[in-house]
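Peer 1: TrEMBL feature annotations, pasted as is:
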- 278-305: coiled coil (COILED)
- 161-179: compositional bias 'Basic and acidic residues' (COMPBIAS)
- 42-98: domain 'Complex 1 LYR protein' (DOMAIN)
- 154-179: region 'Disordered' (REGION)
Amino acid sequence: MTIYLHVTTRHQRQGINTFGLSITSGMHKVLVPKHSGAHRVACLSLYRALLQQCRSSNKTPWLDETGSLVRRNFRKYKVLQSPSQTVNALKAGYEALDLIHSSRTNPLDRNRITHMISHAKIKRDKYAQLQKQSQPVAPPPVPLTPRAARKAESIRFQNETSRRHPDAKSVLDRPRPLGEKKRHIPVLVNARGLPFLRFKKPQPRNVSSVIRTKLANRWDWIQRRDGLKVDLLFAQDEEAWDRMTGTKDSGAWPEDIQIAIEDVKTKINQFDMKTKDLAQKMWKVVQAEKALAKAEEKAEEKAKQPEQ
């Protein structure tokens, strides 16, 4: 069974395509309107004709808002799949085209368009107000538990300290005058052989990142050194075999590996020496902070004593 729908208006003689839609059922394929090339051509022709008629001028100021109204309704009804709804929408579009065309000479049609635009605007504002009123009110935030609050504060602190402050001074540039503040004596901490000064908890994220990076580099050097030592044993065996067979000069196989081992050892020793020197400097900072804290405490006690 095949159903044919056809919409015809007087705008056919103006070059506007009409709408033809065929729907087949039974054993035949069902043609969806929006997938039909003829349907798309008809709709685009109507759309362009409406926008062309909606161009306002000094003589037609009532057409200022008709263009946006046409675009909004075409976006609204472009997903229609029902044949009857599609036909009704196209009929309404052709009637609107006739009305806009006649409004240039007919005052009654002009007033009708003005009334329709104002009614659509009132309806749109009313719908927006209803949507605004129907939005659910956000519930008040649930107070965090002490554990969750501590976790949130820790996350915030870690994010803030992920990078070193550009104006931050070296930890070795101490002790510093604190004025009326209470002096906190730093603690020298050993993190797997790497020293650092801890002033208070929690530990800044950038400090943890520096410690992990330095320890990872040292561990990579150690693994490389151990691997090269194993390679050196194989090289010595190859050298012994060459001496037995007389195929190669002695001293060639282990030489490059031994140089690489010494290079890695030098890096590890230099790292350890720098670490030792840093630990000594940090310990001097701790001692200086302790001495200054004691001096400040004595000065404070002396200031509190009444004058005799």
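Just so you know, glycine gets a Cβ as well, placed from its N, Cα and C.
Distances, neighbours, how buried they are, the whole picture for these features please.
Peer 2: Per-residue confidence over the coiled coil (278-305) averages 88 (mean pLDDT, predicted model).
Here the compositional bias 'Basic and acidic residues' (161-179) has Cβ contacts under 8 Å with residues 186, 196-197, 204-207, 209, 281-282, 285, 288-289, 292 of the same chain, all six or more residues outside its ends.
In the domain 'Complex 1 LYR protein' (42-98), helix, strand and coil residues by DSSP number 43 helix, 0 strand, 14 coil.
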Peer 1: Six or more residues beyond either end and a Cβ under 8 Å away: which residues meet both conditions relative to the coiled coil (278-305)?
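Peer 2: For the coiled coil (278-305), the nonlocal Cβ contacts are 171-172, 174-175, 183, 185-188, 195-197.
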Peer 1: Residue counts in helix (H, G, I), strand (E, B) and coil for the compositional bias 'Basic and acidic residues' (161-179), per DSSP?
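Peer 2: Taking each residue of the compositional bias 'Basic and acidic residues' (161-179) in turn, the totals are 0 helix, 0 strand, 19 coil.
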